[in-house]
Amino acid sequence: MFKKLFGQLQRIGKALMLPVAILPAAGILLAFGNAMHNEQLVEIAPWLKNDIIVMISSVMEAAGQVVFDNLPLLFAVGTALGLAGGDGVAALAALVGYLIMNATMGKVLHITIDDIFSYAKGAKELSQAAKEPAHALVLGIPTLQTGVFGGIIMGALAAWCYNKFYNITLPPFLGFFAGKRFVPIVTSVVAIATGVLLSFAWPPIQDGLNSLSNFLLNKNLTLTTFIFGIIERSLIPFGLHHIFYSPFWFEFGSYTNHAGELVRGDQRIWMAQLKDGVPFTAGAFTTGKYPFMMFGLPAAAFAIYKNARPERKKVVGGLMLSAGLTAFLTGITEPLEFSFLFVAPVLYGIHVLLAGTSFLVMHLLGVKIGMTFSGGFIDYILYGLLNWDRSHALLVIPVGIVYAIVYYFLFDFAIRKFKLKTPGREDEETEIRNSSVAKLPFDVLDAMGGKENIKHLDACITRLRVEVVDKSKVDVAGIKALGASGVLEVGNNMQAIFGPKSDQIKHDMAKIMSGEITKPSETTVTEEMSDEPVHVEALGTTDIYAPGIGQIIPLSEVPDQVFAGKMMGDGVGFIPEKGEIVAPFDGTVKTIFPTKHAIGLESESGVEVLIHIGIDTVKLNGEGFESLINVDEKVTQGQPLMKVNLAYLKAHAPSIVTPMIITNLENKELVIEDVQDADPGKLIMTVK
């Protein structure tokens, strides 16, 4: 029972990430728009009073605020998309269902505009009226105030309708409404029933939520923040933290803004107070992340590096630097946390307790900083320093330094005292399977027991989430050998921690299971015998030339942590100046990705090179690329492989920087030439 529930909660937690992922963009617009007419900033920069600047700042602020004002709708659509595998029909059904559900509740309970705005008749303008907290005006519909819970409920129901009826067949005369077209229709019926049910069920639930909110926030908020911090971090390994913090961020607490509108939830209240220019009272459930994410965990990473064996320090140092910097800048801590969670749980226990105290200390000091993504330096600048006079954000720095010291010495002591096997202190090297980029999803699928053993497949920012039919068929050791930093098992639910490449692995696995991608050709053990003698060329030195005209940069400067952190192998970055990618050596085309954004080559001496054209170009679905070669085709150095529309890539991709990665460097030495300007005849690397 628990294991099945855990699997369902996993899916819901993943689904909630989609609407939450929209908030950073909205938060940036709101923060910058508000900052541009901040009184202190205007005094320093009087040019901000310019009418055009004022208009721009007002537009930015309004554009950001409208997202926070309509979070329930976004949660309805996002939850449906997440639980229905990303199908747009489910999103449309959720949108229709959400509107119908609210309209139904309004009609059943006879809710009017006057019921929503208690003092509307006496106010000069409707926007100045005080809003009645039990009711809401949702996209112009007077209805019950169900908040994000209402959106999540309708999104989940729309996804259920999609999964149940997307392939339904109807009689020929109703054939037009069969299949996916039937989903919004049946969702509408479900929405009416849900609206009627909630009309009577939601008011007592609403009273209960308000009572719980008042108890948590008014009885002992200091203790509540401490417990919140502990539980939120404790749920990270299970991927259920999104479910836990959502009520605190989006429902608990209330504030009436200057427009007379009731705003609920710690994060939403903070954003409303940012816009209103009033002292912050919200932020108790966000501020505590900044000290341990920006200072504590990077210090823990240094302690892990310091205790690594001398021969492992270089490798561990690179991993810890990358993970620590990611935590500091963005607040994405999973790559670092999972590096010690499975091998040294005692360290994670220490981390959880310190995270709880961080929330407590920030609350006691009166520091109130909002966030939209996570507690990294970027959010600290936007929501802390830009409003330092109201947020008291400067206190984060001395507190963070103290946490860095505490984290470092506690981790250092625990590692040495208990002889913990943190990265770099393992008894022996774990065998890592040589799985090229093209083969990795195939190998992971095999390790999971094959496609017949996959019941549900999903992924989030850092982990591959799989529900399997038979857990005994899963090769956990094999998954770790393929590069997973850990594997969490709860019943038949598996979470493999592959870091930022998890989503791409999931994407490729889904295509493999549907037959869209076939396995790269391999030499089998039982090859057809030939009368001709087989010539086996000895492995030797391989010269690798530039793949076109452009600039060569160090791999560390590639704007992607997976490549820059050498998670896929070593190499260089190439910035193309002409729209043609050529072969860097004589060899064979082993892989052309379906989206044409990456090519896998093998030299005559067996060196495998991946040319990944641009960053995040997989999302372009092949637009801007024209392949000039085929898989298994022999190519010569300088032969054109791909035509690239650089103008299109610059407009639609984060970067045109093209990583060139050697994916099988085991027992080989890579020599990188000191080259900046490149052309197809210039040597840039040698593998010995």
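Cβ from N, Cα, C; glycine included.
Transmembrane segment is the annotation Swiss-Prot gives to one range among 160-180, 223-243, 643-663, and that range is 223-243. Secondary structure by DSSP for the domain 'PTS EIIA type-1' (560-664): 15 helix, 44 strand, 46 coil. A contact between the transmembrane segment (182-202) and the transmembrane segment (137-157) is present, since 3 or more of their C-beta pairs, 6 or more residues apart, lie under 8 Å. Of all Cβ atoms in the protein chains displayed, 26 besides its own lie within 10 Å of the Cβ of H612 (active site, tele-phosphohistidine intermediate). Most Cβ pairs under 8 A with the transmembrane segment (223-243) among the ranges 81-101, 137-157, 284-304, 315-335, 340-360 are made by 340-360. By number of Cβ pairs under 8 Å, the transmembrane segment (81-101) is matched best by 137-157 from the list 137-157, 284-304, 315-335. Sorting each residue of the domain 'PTS EIIB type-1' (438-519) by its DSSP state yields 36 helix, 21 strand, 25 coil. Note on the domain 'PTS EIIB type-1' (438-519): its mean pLDDT in the predicted model is 81.
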